[in-house]
């Protein structure tokens, strides 16, 4: 190990951005073995022998060196979700774009600058193996004296000191959904049935949870009037899974339900897993819970009985704080909340239901005060099905969480170029297109990454690829509901690799403007150029045809993925490529040449 560190220090001088900074080295060994997070055993992925993987904590500006060893029987890569990767596109971890897969028995060294500060995560980006457990939390501690927005919460000096302490020492939490089927089995179920299956067995917190099978009567009582109407009288299953109807499958029915594996969609199996306990000390007065939403397909409502949540960071970006009683968390996003520890010391239930638009299911955990006593049942903010349980509660929804960044960050008022993406199903219920022109095949360019082939035919494929120039301001317009036979599109969560973007506008209907400037002039009420949200994951609406606009500046040349972070949608082709800054394509160091793996020669 000492030799490895020495070699890295010697060679870092010629890598962009790796000069005169602390170098931190980590080793992640990925294995495939039996495990039972919710009490039901299956094959799954472990990182350094644990699930989820170990928390990775760095200081802002650290130079990070991570040796990923693949001891699984199949290939993989690791993506560092939300990190900028300025000048290091070869470490973004996307097969076919920035690297070749890490084959069984081989390793790959990722090198990058720890920036920007905030809450992130790392996960697989090969096929759909996120379903198998390859993920972990990542936190970058901000530099000293960074302004924090806590005076918007309280003016008390005691509160402010406690909140600052809490933010510097957060508890990292990972919320995820879990299926008792491997990713291969799940995808085979989609293909064989020709149906879009989005059903899981449990909701986990820090890799712990269970399946509950509460009974048909309770499950049906939790359905909203909207969902009952959408189902047209069809019933949900005893797992809380939704029926195969036009509102869930589009025009691609009937499919072949008999090809769905037993227990994947119905016939609930009761688990015997254990739930997580989060311990807090009331003498600290406040705690920061930095939550990674590592789900593969579910949006989950997070709440702590009888406690308020002050959301102060979203997707790693500080925001003007918002007080909620529950927060709806979308796949791949990160939510940091401050919780005041002023209740009677005891155990309070953390509730983690699906938000009610894809399954009736819930997970649970315990929020436990040090020195607490038995206080009995605590009062919930939300129900098992994610519905409001109290007239006093207030929470965020699927698409209405659009906070202002802190401090204010403004994009340019105009852009240089815009691209329209039409998001919809692609010739089947379980395949998808991001661009509206093609579905992106899984691992299609895996062994010919576009980083090394920026002028190839694939890199000029306009059905999947856009090309920009350095310094341009770019608008990405995400349109849903544009297919005449499927006006009501499923909600999508779109992640942009590398730099964040501003959501500068959104509206209903079909985008039919010649420019964003024209749309903003005609409908100024639909746009925000003063303090728009600044994020790396964006949520489209499911309420009929609608559009939203992501704006960013090209400052980091490379091949970056734009994709839906529902894992089954990504596996079904919902992705595209942004070839940013093609006029200033990066020079690739020898350690990351086409057949290299990031290792330096030992000296």
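Yeah, the Cβs are placed from backbone N, Cα and C, and that goes for glycine too.
A quick note: this is a predicted structure, and the numbers were derived from the prediction, not measured.
Over in Swiss-Prot, the protein carries these features:
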type	residues	note
SIGNAL	1-21	signal peptide
DOMAIN	30-144	domain 'Plastocyanin-like 1'
CARBOHYD	75	N-linked glycosylation site
BINDING	79	Cu cation 1 binding site
BINDING	81, 123	Cu cation 2 binding site
BINDING	125	Cu cation 3 binding site
CARBOHYD	155	N-linked glycosylation site
DOMAIN	173-353	domain 'Plastocyanin-like 2'
CARBOHYD	180	N-linked glycosylation site
CARBOHYD	235	N-linked glycosylation site
CARBOHYD	256	N-linked glycosylation site
CARBOHYD	272	N-linked glycosylation site
CARBOHYD	388	N-linked glycosylation site
CARBOHYD	394	N-linked glycosylation site
CARBOHYD	413	N-linked glycosylation site
DOMAIN	450-581	domain 'Plastocyanin-like 3'
CARBOHYD	455	N-linked glycosylation site
BINDING	495	Cu cation 4 binding site
CARBOHYD	512	N-linked glycosylation site
CARBOHYD	595	N-linked glycosylation site
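Structure with Swiss-Prot features highlighted.
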residue : record                      : contacts (Cβ under 8 Å, 6+ apart)
75      : N-linked glycosylation site : 95, 101, 102, 103, 104, 126
79      : Cu cation 1 binding site    : 92, 93, 94, 122, 123, 124, 125, 497
81      : Cu cation 2 binding site    : 120, 121, 122, 123, 138, 332, 495, 536
155     : N-linked glycosylation site : none
388     : N-linked glycosylation site : 381, 382, 395
512     : N-linked glycosylation site : none
595     : N-linked glycosylation site : 100
Which one of the glycosylation sites (180, 235, 272, 394, 455) has its C-beta surrounded by the most other C-beta atoms within 10 angstroms?
180
The domain 'Plastocyanin-like 3' (450-581): mean pLDDT?
96
Would you mind ranking the binding-site residues 123, 125, 495 by how many other Cβ atoms sit within 10 Å of each Cβ and giving me the lowest?
495
Out of 256, 394, 455, the glycosylation sites in the record, which is closest to residue 180 (N-linked glycosylation site) when you go by Cα distance?
256
Comparing the glycosylation sites 256, 413, which residue's C-beta has the most other C-beta atoms within 10 angstroms in this structure?
413
Counting distance between Cα atoms, which of the glycosylation sites 235, 256, 394, 413, 455 is nearest residue 272 (N-linked glycosylation site)?
235
Give me the Cα-Cα distance between residue 235 (N-linked glycosylation site) and residue 256 (N-linked glycosylation site), rounded to a whole Å.
17
Integer Å distance between the CA atoms belonging to residue 394 (N-linked glycosylation site) and residue 413 (N-linked glycosylation site):
33
Where does residue 79 (Cu cation 1 binding site) sit by DSSP, helix, strand or coil?
strand
Between residue 256 (N-linked glycosylation site) and residue 394 (N-linked glycosylation site), how many Å separate their Cα atoms?
41
